[in-house]
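Structure, as C-alpha cells:
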Amino acid sequence: MLKEVPIKRRQSTKIYVGNVPVGGDAPIAVQSMTNTRTTDIEATIAQIKALERVGADIVRVSVPTMDAAEAFKVIKQQVNVPLVADIHFDYRIALKVAEYGVDCLRINPGNIGNEERIRAVVDCAKDKNIPIRIGVNAGSLERDLQEKYGEPTPQALLESALRHVEILDRFNFDQFKVSVKASDVFLAVESYRLLAKAIKQPIHLGITEAGGARAGSVKSAIGLGLLLSEGIGDTLRVSLAADPVDEVKVGFDILKSLRIRSRGINFVACPTCSRQEIDVIATVNALEQRLEDILTPMDVSIIGCVVNGPGEALVSDLGVTGSNKMSGFYLDGVRQKERFDNDKLIDQLEAKIRAKVAQQHHRIAIEQI
C-alpha cells in the first residue's frame, strides 16, 4: 500500500536490448548472467529459462570461444529473454554472435584490442542495430592506466570508460550503455557518480565479484542502493558467487526496498521475540516459497504480537497480528471480523493472498474492456 518513492532519475538516452527498453523513462531492468559452460547447451538453456521464471529482464552469456559462439546460436533460438554476449580478447567472436541474433554485445575496453578491432565490432553493431555495453572493471584496467594511477581509482575507471565512449562517438555510434564496476563498494560508488556526470547514455550498475550469497547481497544492497537512491542506474546486476536465480531475486528486493520497482510479494515481518504468538519465521519462509509465482506487487505484514502488528497492518494490503490461538487479520488496512487459526495460518493466509491477486487481475481486466 505504500507508494513508490519519487526518486528523481538521472536523465539518459534510451536504447533497446532486444525488446527491453533501457534508460530514459524505462523501468530499471534486472539482469543476471549464466554460470554454466556455454557449450553445454542444455544446461545453459535450462538456467536461462529459470532466470526468466523469476523475472530476469536481460541475461548475459559468456562467449569465450568460437565453439561457444556456435552454441550461442542454438541457445538464442530456444529462449525468449534478451541475451547479452560477454566478449573478451577476441573481437571476432563478437562479429560471429552478431550474425546469430545477439541482443547486445558487452566488450571490455581493457582487453578487446586496438581501435581498429573496436571499429569492426561497432560497424557490425550498426549494421544489425545491436547496442553495446562498455564494461570497465577495476580488475582489468588497461596497462597504461594501471601505471598512471598506481591502483584502481574512480578517476582511472572513468578515464577508461570515457576513452572508449570517445571512440564510439567518433564512429557516430550512440546505442550503448556503460558500467564501471569494482568489488570495493566505495570505489564503485564514486566511479559511477563521476560517470553519471560525464555521459548521457544509460548506466549499468554492479558491484563486481561481491562475494557469496550473504556478503555479496549486503555489498550490493549498500552500493547499488546508494546509487539508485541518487537516481543513478538504468540496469543492474547483483553479482553473487551463488545461483544466478538468487541474483535476480536480490536485485528485485533492492528495487522493492527502495520502492522504485515492485514485483511480487513484499513481506514485512518482525525478527521475533518471546512475545510472538505465531511462528513468524516458519510462516514467512513457507509463504515466500509458495508464492514465488505471484508477480503482482503486494505488501503483506506478518507480525508476531500486538505491539507493532496493528500499525504495520494498517499500511499493508494484507496483515496478520499474532494473538493467542486465533490471530487478527487485516485487509487493505482494515481490521476484519474474521480471525485466523494459528495452526492453519499459512494455508489461510496463502488463500487470502491468492484471492486478493485474482481480484486485482479481474478489476484490471474489467477496466481494459
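Cβ coordinates are placed from backbone N, Cα and C, and glycine is handled just like the others.
Taken straight from Swiss-Prot:
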BINDING   C270, C273, C305, E312  [4Fe-4S] cluster binding site
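Positions of the features from Swiss-Prot, shown on the structure.
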residue : record                        : DSSP (3 states)
C270    : [4Fe-4S] cluster binding site : coil
C305    : [4Fe-4S] cluster binding site : coil
E312    : [4Fe-4S] cluster binding site : helix
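The [4Fe-4S] cluster site is defined by C270, C273, C305, E312, and by the 8 Å test on Cβ atoms against their centroid, the other residues of the chain that qualify are P271, T272, R275, Q276, V280, I303, G304, V307, N308, G309, G322. A C-beta separation below 8 Å, combined with a sequence spacing of at least six in one chain, links C270 ([4Fe-4S] cluster binding site) to Q276, V280, I302, I303, G304, C305, N308. If you take the C-beta of E312 ([4Fe-4S] cluster binding site) and look for same-chain residues 6 or more apart in sequence within under 8 angstroms, you find V268, S301, I303, G319. Here the binding-site residues are C273, C305; the one with the fewest Cβ atoms within 10 Å of its Cβ is C273.
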